[in-house]
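These come from TrEMBL:
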DISULFID  Cys236-Cys304  disulfide bond
DISULFID  Cys265-Cys326  disulfide bond
DISULFID  Cys306-Cys315  disulfide bond
TRANSMEM  442-462  transmembrane segment
Amino acid sequence: MACCNTRNGLIAGAVLGALLAVLGGILIPVGDSIITSTVSKEAVLENGTTAYENWISTAVPVYRQFWIFEVKNPVQVVENGSIPQVTEKGPYTYRIRYLPKENVTEHSNNTIAFLLPAGAIFEPLLSVGLEEDSVTILNLAVAGAYSMFPERLHPILNFLIKQNNASLFQTRSVKEILWGYRDPIVNQEVGLFFPYNGTYDGYYNVFTGKDDISKVALIDRWQGEQNLSFWNDSYCDMINGTDASSFPPSLDKDKSLFFFSSDICRSVSAEFTGTVNLKGIKMYHYMLPELLLAAPSVNPDNKCYCKNMDVTRNCTLGGVLDISSCRGGMPIYISLPHFFHGSEELRDLVSGLSPSEEHHSTYLDVEPITGFTMSFAKRLQINMMYGPSKTITYVEKPSVKTFYTLLPVVWLNETAILDDETADMFKAEVTSRIRMLEAVRITLMSIGSVLFVACAVAAFVVHRKQENGKVV
């Protein structure tokens, strides 16, 4: 009788162990489902969710750093056609994206519209100098007018240049170069980012994700254009309001991410390159592929950015995109800093450039469970074109230059990173709960498996002894 009770107890223990192990196994899909459901609910752009609160206005500072390329040999370039020698001066740092979105309007079709206000505040403690620092750079008005004026009007432009004692290069303050000054040649405000303060980007109309979380932040309309299939560059959740992106929960690292960049008015892909640890949180690290700015002969998607056959060497020049049509005809070309991933020819025509992946690449660090962008750096370079002219002399004798040059003017790094307070909050609200669930799951499966094996083996031994007539 005692033997039977022992064996029955062991069988019951084995069954209990099996149930615990099965329960631990069930927690895998059930737990994942609960986590996904909770995260998806909080990722919706709807008043009261975590995503909405951080989307409207960010407490995490977003900075835009500028490095201006100072030309060290302007006279030699103009008089002798020498290759420009440049050195970068910076960073000059501004806080941006600190203003909350305006005119936020929710629509019945699960979209939300808004305007993104622009503002920049100089941060002297994060800068190499003051906004009043002087830098010798390309004359924006002269270089711009060179391309915008038809060649038959170049004599008039040459007259205006001489009348104002101007040249191909000029010395201006950092503040003037970035935010604008009144130029006597064109008699209007000129600046790389003029106008900026007090302006708006949008209207944006994006999907809230309420009916389909995979569409959260996908642009429905931008400035009236409809059905734009890319991610809104304004939706940056935990570090909201930047040109990086936010993505749907539960990312697949084997797939590229797509987001919209207003700098080049197109969708941009970022490829998964590995995982990184940010303040104790696992991140998927994405970078822009080299193919993005490849020559049209390599990447046909860039064909529409090849407009000037002379400048682009019949569309074989890689690493730059002509965005003059987006900038009122100004001969502006964008690239990665120091022509990173660009054709060698670009650097052959400008001395002083040293591209590196560490300092000049663009990346996103995205938390894979929530799809929140926790860290990013968007790096771009603004270049302007100048070239030969039969009538524009710049000084008393004409330039002997016979080829077109894309001269770097400034490169910028727009960046933000998760702060310690937000990181701790995220770990407490998301990461710690996931780890607790994982611990419970492993504990149940471990105890259940051990209990099942131990009791099953013991029951088998008791059963064998009973068959052999040995009483335990």
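Quick reminder: no glycine exception, Cβ is built from N, Cα and C everywhere.
The 10 Å shell around the Cβ of Cys306 (disulfide bond) contains 20 further Cβ atoms across the protein chains shown.
Annotation for the disulfide-bonded residues Cys304, Cys315, Cys326: lowest Cβ count within 10 Å of the residue's own Cβ, Cys304. Rounded to a whole number, the C-alpha distance linking Cys304 (disulfide bond) with Cys315 (disulfide bond) is 10 angstrom. Here the Cα atom of Cys306 (disulfide bond) is found 13 Å from that of Cys326 (disulfide bond). Rounded to a whole value, the Cα-Cα separation of Cys326 (disulfide bond) and Cys315 (disulfide bond) is 19 Å.
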